[in-house]
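Summarising the annotation, TrEMBL assigns domain 'Amino acid transporter transmembrane' to 40-156, 168-386. Residues or ranges marked as transmembrane segment by TrEMBL: 76-98, 133-152, 181-204, 216-240, 262-286, 306-323, 329-350, 371-391.
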Amino acid sequence: MASEKVETVIAGNYLEMEREGEECNSTNSVRNKLSNFFWHGGSVYDAWFSCSSNQVAQVLLTLPYSFSQLGMLSGIIFQLFYGLMGSWTAYLISVLYVEYRTRKEREKVDFRNHVIQWFEVLDGLLGKHWRNIGLFFNCTFLLFGSVIQLIACARSSSKNLTILKSKKKVEGVKHSGPTTMVLYFTGATNILYTFGGHAVTVEIMHAMWKPQKFKLIYLIATIYVLTLTLPSASAVYWAFGDALLTHSNALALLPKTRFRDAAVILMLIHQFITFGFACTPLYFVWEKFIRVHETKSLFKRAMARLPVVIPIWFLAIIFPFFGPINSTVGSLLVSFTVYIIPALAHMLTFASPSARENAVEQPPSFLGRWVGLYCTNIFVVAWVFIVGFGFGGWASMVNFVHQINTFGLFTKCYQCPPHKA
């Protein structure tokens with residue numbers, strides 16, 4: 001009876017979004033097709049593409065740096081481990097979104113001119129205190145995530161074409177990692193950050209015509225991302241070894257060729273788009289705060305978004321520490337935003353027997369239903385809090401302070417070789 005009830009509830013949800021998708025697919029004019037192609041992406045493929053592109057970016061350049069800190073074996077293991085863990089918490093967020101939206105639509109709430117965000121899901125399911133916690137961590141993470149994207153643009157990042165130029169091993173290269181606890185946990189938290197693109201998960205789901213299909217999208221996107229990050233990081237670390245410890249941007253070790261220049265241009269385009277992608281949830285929060293989110297004037301919304309960019313630009317100039325800043329954000333912000341808060345929120349939302357019985361999405365049977373789900377969530381919370389936030393936070397802050405003492409604030413060229421007299 002419970003499964004039949006769940007299926008009935010799901011079948012009645014998201015009618016507005018599904019009708020929109022059907023209308024978009026039924027238009028035949030060239031103008032409508034172009035408009036739908038650029039602006040009405042609500043399919044499963046669109047969601048997968050958004051999740052993938054949100055993970056694949058400047059991290060391809062910092063992962064070899066992480067491998068030099070962790071060593072080859074630990075680097076590969078942590079990528080697989082955090083990729084799986086990130087997919088799990090993305091699944092939890094999707095379940096909470098479906099639960100929240102179902103409850104609100106039963107109350108006849110209209111979301112046609114409103115984009116649901118993560119802090120609103122927490123507010124609707126757990127109350128204002130959880131909303132405030134989620135809002136703080138999510139907005140701070142998005143702020144510094146946008147800062148990192150801006151720094152990556154300035155650092156002339158390249159994409160996975162680095163593999164093409166790293167087939168030859170540098171003569172006399174050494175692979176000493178791991179050497180210290182600080183470097184080891186700094187590298188681990190950078191990988192934690194790599195698979196923490198959940199800050200826009202709810203916005204991606206809300207844009208879908210059938211959000212209930214999101215459950216496995218993030219896992220599929222992560223598998224795709226691993227086909228890029230594992231070969232790239234392994235090849236570059238194998239080629240350059242310990243030299244990466246002082247070059248957090250792998251591009252700095254590659255010879256200047258037309259292939260590298262082409263990769264730089266492509267990556268700059270990608271970073272420009274990703275910067276906007278990371279800023280969008282911040283724009284939505286700011287628009288809701290100043291009460292212009294539901295206005296139909298694009299000009300008003302564009303003007304309202306300008307104040308959001310100014311602090312991002314300023315912070316990118318102060319802390320241009322490409323690589324170390326990823327680990328710091330990963331340990332202090334991503335650990336809570338992406339892993340701890342979703343797992344705790346899921347456990348509290350379905351703590352009562354009635355909540356579990358009436359849940360829109362039931363746990364998978366292969367996991368052991370609710371018992372297995374709670375055991376998994378407890379493990380995620382404990383591991384990330386101790387290893388990610390605890391050891392990772394300590395190591396990342398030590399490394400970050402070292403970068404400030406070495407290069408100073410507002411440095412003009414981070415990790416650049418000294419000019420010859």
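Yeah, the Cβs are placed from backbone N, Cα and C, and that goes for glycine too.
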Who are the long-range neighbours of the transmembrane segment (181-204) in its own chain, taking Cβ under 8 Å and residues 6 or more past its ends? 47, 50-51, 54-55, 59, 62-63, 65-70, 74-75, 78-79, 82-83, 85-87, 89-90, 93-94, 97, 115-118, 121, 138, 141-142, 145, 214, 218, 222, 225, 229, 245, 277-278, 280-281, 284, 323-324, 326-331, 334-335, 337-339, 342, 384, 387-388, 391-396, 398-399
Chain residues outside the transmembrane segment (76-98) and at least six past its termini with a C-beta under 8 angstroms from it: 10, 13, 51, 63, 70, 116, 118, 121, 125, 187-188, 191-192, 194-198, 201-202, 205-206, 211-212, 214-216, 218-219, 222-223, 225-226, 229-230, 233-234, 338-339, 342-343, 345-346, 349, 359-361, 376-377, 380, 383-384
Across the domain 'Amino acid transporter transmembrane' (40-156), DSSP labelling yields 95 helix, 0 strand, 22 coil
